[in-house]
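To start, the structure under review is shown below, and the notes come after it.
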Amino acid sequence: MIILKRNIVFLLIIIIVLGIFIATSIEIKNYKLSLNQNKNEISKNPPIWPAPFYGQFGNNSILISKEFNFTIISDSTLLLNKTLSKYYNLIFTQDNLINSSSNTLNKLNINLKSKNEILKFGFDESYKLIIKNNENSKLEGNTVYGIMRGLETFYQLIKYNFSDNSYFIENCLPLIINDKPRFPHRGVMLDTSRHFYSVDTILKVIESLSYNKFNTLHWHIIDSQSFPLSSKSYPNLINGAWSKSEIYSYHDIKRIIKYGKENGIRIQLEIDMPGHAKSWSVGYPDLLPHGWNDSTTTIKCPDYDVPLDPSSPLSLPISFGLLSEFSGTDYGYNPNYDDKSNNLFNLTVDDLFHVGGDEIEYQCWNNSKRIKDWMNENNLKTFQDVAKQFQLKIIKQLLKIGKIPVLWEDTFQLFYKDLPKDVIVEIYHDQSTAINATNNGYKIISSIARYWYLEYSYSNWIRAYNFEPTLNISKSNIHLVLGGEGAIWSESIDSSNLFQKLYPTSSAIAERLWSPIYYTNLLNAKSRLQSFRCSLLKRGINSAPLNNSSPLSAFSCYNS
């Protein structure tokens, strides 16, 4: 009996080992098959992230001479020169002892086709990079932003040999890359209300986004918990900030927008309304519903999520004033500020403006006699009618001042087919809402929480990489998917752990939004992402390891 049991155990072990071997063989076979089927899918060497639209690679290498320079062969701009200088300094941080010769790479010709530097939705980021030999190497872009994306690719191609103090490009020449993004809107949302981030931290976020070939920082600047936005139209609003030192001044905002342009990153502001408005009331108490915090009522209003009172005589003027002030326009809603000499109304902000519209707690309006009387006067039957009227006025105001309204999906669910078609809907609950919105002709931005919310403990790069934002959307509606965003909600995140939460998961989102849809091979992606993570660490971006929130033991970054 004992011998029989041992034989059974031995047989089970053999079956398990054989099963693992077969599964591994199938996985490797499928991996090779995937690479063979997708002829454009980039090899693990060179490990470019995000993968380009098209790449053709040889097997040769080349040394880079110490005389190497970027040679502009077209018209130049200050921003182009600044970008080239930035990447030169990022690349060449060590001694280079290689003299120039006919066998070394001595220059990269830069051809800028247009001096147009307007940074708005849909701007051109395409580029072409050719490296054959010293006499036939160039980077070409229709705009300086295409040159930026191409320089990031060039940066990732270059390696350094400490044994002979040389820079080189390895085993991929001759090289031709034709690259462009799959989606026009690719970003990360950063919540600066739950925790305040310094301007320098936000600038570092912008820089890291450019390395990932993102193009948008969605700045969720205010919320219920704090109001750190300094308004010269309504200066008492900053009384809702966490402290007097945790405020974004007008100068700070201009600095962030300027740095965004220098890195090819649009800054899309979000001023969430009418929900999440408790912090507004610290400076202007009449903005909230009377009786919202009445402890004697049976229907309680959550004190962290109190909405504006649309019946308040201040609600629309302050809301319109903020939209006008931070859109760079003035339509008479800024009574406390009429001195335009200091460029308050010259903010260069994005053409998309996010106004929230999510999670309106209707029970907070239920305890207010003023709201109910106002509803009767205006023939509004339900609190949904109240929300619709307010939101429609905000949407029309944004369109009046030349901005494209973006709202969370709650507003689409509130209006359904009656929502103006100018509105872009940001989807965060479920893909079924994305399908429903696009079937009804609405443009969408995808930010599905279970895949692309970065603060969750289960958030990881594989989960993010495997989500396809066009999943089950009809072919005729694919054009309505404008792109997507990873989201950082900051209840449990501050400057101490921000970048570990951002990366590498956001990098996976970056490739999903930039690269062709057929890039789905996880083995290939893991190899390239490990290399890219090392390049982030080298540049001071503190990305977490791929498989854990912190290192488990001693390893090279290429194996973490």
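Glycine is treated like the rest: Cβ placed from N, Cα and C.
Look at Swiss-Prot and you will find E359 tagged as active site, proton donor. Among the features that Swiss-Prot reports, N-linked glycosylation site is placed at N59, N69, N81, N99, N161, N293, N346, N366, N436, N472, N547. Annotation comment: Swiss-Prot describes 1-25 as signal peptide.
Positions of the features from Swiss-Prot, shown on the structure.
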{"residue": "N59", "record": "N-linked glycosylation site", "DSSP (3 states)": "strand"}
{"residue": "N69", "record": "N-linked glycosylation site", "DSSP (3 states)": "strand"}
{"residue": "N81", "record": "N-linked glycosylation site", "DSSP (3 states)": "helix"}
{"residue": "N99", "record": "N-linked glycosylation site", "DSSP (3 states)": "coil"}
{"residue": "N161", "record": "N-linked glycosylation site", "DSSP (3 states)": "strand"}
{"residue": "N293", "record": "N-linked glycosylation site", "DSSP (3 states)": "coil"}
{"residue": "N366", "record": "N-linked glycosylation site", "DSSP (3 states)": "helix"}
{"residue": "N436", "record": "N-linked glycosylation site", "DSSP (3 states)": "helix"}
{"residue": "N472", "record": "N-linked glycosylation site", "DSSP (3 states)": "coil"}
{"residue": "N547", "record": "N-linked glycosylation site", "DSSP (3 states)": "coil"}
Can you tell me how many other Cβ atoms are located within 10 Å of the Cβ belonging to N547 (N-linked glycosylation site)?
14
Near N472 (N-linked glycosylation site), how many other Cβ atoms are within 10 Å of its Cβ?
9
For the C-alpha pair, I'd like the distance in angstrom between N366 (N-linked glycosylation site) and N59 (N-linked glycosylation site), rounded off.
71
Just checking, which of N161, N436 (glycosylation sites) has the fewest C-beta atoms within 10 Å of its C-beta?
N161
Relative to the Cα of N99 (N-linked glycosylation site), which of the glycosylation sites N59, N161, N293 has the closest Cα?
N161
Quick one: what's DSSP say for E359 (active site, proton donor), helix, strand or coil?
coil
Using a Cβ cut-off under 8 Å and a sequence separation of 6 or more, which residues in the same chain sit near N81 (N-linked glycosylation site)?
I72
Pick out which of the glycosylation sites N69, N293, N366 has the most other Cβ atoms within 10 Å of its own Cβ.
N366
Among all protein chains shown, how many Cβ atoms are found within 10 Å of the Cβ of E359 (active site, proton donor), not counting that one?
14
At the Cα level, what's the spacing in Å between N161 (N-linked glycosylation site) and the residue listed as 'active site, proton donor', rounded?
55
Whole-number Å distance between the CA of N293 (N-linked glycosylation site) and the CA of N436 (N-linked glycosylation site)?
37
One of the recorded positions N59, N69, E359, N472, N547 has its Cα closest to the Cα of N436 (N-linked glycosylation site), namely N472
How long is the line from the C-alpha of N472 (N-linked glycosylation site) to the C-alpha of N69 (N-linked glycosylation site), rounded to the nearest angstrom?
48
Spacing of the two Cα atoms, N547 (N-linked glycosylation site) and N59 (N-linked glycosylation site), in whole angstrom, works out to 31
